[in-house]
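Here's the structure, in structure tokens; my notes come after.
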Amino acid sequence: MQDRFLKSIAKLPETLATAIVPLLDQDFAGHIDAQQLAELQKQTGMELDELLLALLPIAAALARPPISEFYVGAIAKGKSGDIYMGANIELPGEALFHSVHAEQSAISHAWLSGESVIEDIIVNASPCGHCRQFINELVEGSKVNIHLPDQATAPLSHYLPYAFGPSDLNITAPLLSKQLHTLTLDSNDPMIIEALDHASLSYAPYTKNYAAVVLETKDGATYCGRYAENAAFNPSMQPMQMALSTMARHNRDFSEINRAVLIESSKGVVSLVGAAMDALHSVAVVELEHIVVEPE
Ligand SMILES: O=c1ccn([C@H]2C[C@H](O)[C@@H](CO)O2)c(=O)[nH]1
Ligand SMILES: [Zn+2]
């Protein structure tokens, strides 16, 4: 089991602790599939909602909050029945807006894993206004059920009444709906090809700046992030932040980054290069490779 879970295991009911330990091997990065979840329910005798709340200390253990020391854990449950954990990250020495909230981490985890609908979000602290707005960008966002310890479960529409969202800007295919932008580039560099694939799946209806980041560690492992815009602009999730939160879920140190690539579309009305460099350079000494591609 990974050391980062030692303290959270002690907070779990004993049957759950026993059942979950075998899943928390070196590769565990916060994904539990529907079958494993059913097995956990069988072994603990817990109802699903109860089990998901009980798992929050495990999600919170994925956090990297060097500024606040406040560990937030979230779980996004997809329509497939799989669950995706996420946790907050804060970048030391950088402006606070570079932070990633636990809910964003869990949602981006589900999105990167191919989920097309998120039905439930379980979180250990009340979701802030920025997260409520981020959730509202999702397909059927107003219907996402929010589960909190000691609160009755309620849909996002209860937490965010009179919402402003994608439909106010005439966007009909919101976040998690299939995006497939044609971006082409002649390269046989696997890392660049990976970044290009993710950029073509990115969500940038407001700027058309289809973009993605791939980070590589010295052992050749790669971690990616896609750009996920928001109708209210500021809560948009930057691809660098998404890639860093992917790394954090995988328990990798940011100082292990060996290579970093940002791909963006030449037709975007903004560029993320400055923001991406600021975030990257707060955690690693590595140049950002910036590649601009032509959409078809
Ligand atoms: O909804 C919320 C509210 C706060 N945080 C994080 C952000 C920051 O890292 C820390 C303190 O605000 O908690 C979340 O992850 N989700
Ligand atoms: Zn938040």
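Any Cβ shown, glycine's included, is placed from N, Cα and C.
Among the features that TrEMBL reports, domain 'CMP/dCMP-type deaminase' is placed at 47-167, 186-296. Look at TrEMBL and you will find ASN88, ILE89, GLU90 tagged as substrate binding site. According to TrEMBL, the Zn(2+) binding site annotation covers HIS101, CYS128, CYS131. The active site, proton donor annotation in TrEMBL covers GLU103.
Locations of recorded TrEMBL features on the structure.
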residue : record                    : Cβ within 10 Å
ASN88   : substrate binding site    : 25
ILE89   : substrate binding site    : 25
GLU90   : substrate binding site    : 19
HIS101  : Zn(2+) binding site       : 25
GLU103  : active site, proton donor : 28
CYS128  : Zn(2+) binding site       : 13
CYS131  : Zn(2+) binding site       : 25
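CYS131 (Zn(2+) binding site) has GLU103 nearby among the recorded positions ASN88, ILE89, GLU90, GLU103, counting only those with a Cα within 10 angstroms of its own Cα. Residues ASN88, GLU90, HIS101, taken from the binding-site residues ASN88, ILE89, GLU90, HIS101, are distinguished by a CB atom under 6 angstroms from ligand 1. For ligand 2, the nearby binding-site residues are HIS101, CYS128, CYS131; that is, of ASN88, HIS101, CYS128, CYS131, these have a C-beta under 6 Å from one of its atoms. CYS131 (Zn(2+) binding site) falls within a helical segment according to DSSP. Taking ASN88 (substrate binding site) as the reference point, the recorded positions whose C-alpha atoms are within 10 Å of its C-alpha, out of HIS101, GLU103, CYS128, are HIS101, GLU103. Sequence-ordered, the extra residues of this chain that approach the Zn(2+) site, with Cβ no more than 8 Å from the Cβ center of HIS101, CYS128, CYS131, are ALA102, GLU103, GLN104, PRO127, GLY129, HIS130, ARG132, PHE134. The DSSP breakdown of the domain 'CMP/dCMP-type deaminase' (47-167) into helical (H, G, I), extended (E, B) and coil residues amounts to 42 helix, 26 strand, 53 coil. Annotation: HIS101 are the recorded positions among HIS101, GLU103, CYS128 whose CA atoms are within 10 angstroms of the CA of ILE89 (substrate binding site). Calculated from their C-alpha atoms, the gap between CYS128 (Zn(2+) binding site) and GLU90 (substrate binding site) amounts to 16 Å.
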